[in-house]
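According to Swiss-Prot:
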type	residues	note
DISULFID	CYS2-CYS16	disulfide bond
DISULFID	CYS9-CYS21	disulfide bond
DISULFID	CYS15-CYS28	disulfide bond
MOD_RES	PHE34	phenylalanine amide
Amino acid sequence: ECRWFLGGCSGGQTCCEHLVCHRKHQWCVWDWSF
């Protein structure tokens, strides 16, 4: 199960496709890929 946009990604949870965990805020943000 992946984390959607702006979903919390602390604790080793992985973000969904084209998303990356923001190190400072600890939520999933777009990685600028398509």
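Keep in mind that glycine also has a Cβ here, set from the backbone N, Cα and C atoms.
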Assigned conformation of CYS9 (disulfide bond) - DSSP reduced to three states
coil
Write down the Cα-Cα distance for CYS28 (disulfide bond) and CYS21 (disulfide bond), rounded and given in Å.
4
Comparing the Cα of CYS2 (disulfide bond) with the Cα atoms of the disulfide-bonded residues CYS9, CYS15, CYS28, the shortest distance belongs to CYS15
Per 10 Å Cβ neighbour count, which of the disulfide-bonded residues CYS2, CYS9 ranks highest?
CYS9
Closest by Cα to the residue listed as 'phenylalanine amide', out of the disulfide-bonded residues CYS15, CYS16, CYS28, is CYS16
Could you check the disulfide-bonded residues CYS15, CYS16, CYS21, CYS28 and say which one's CB has the most other CB atoms within 10 Å?
CYS28
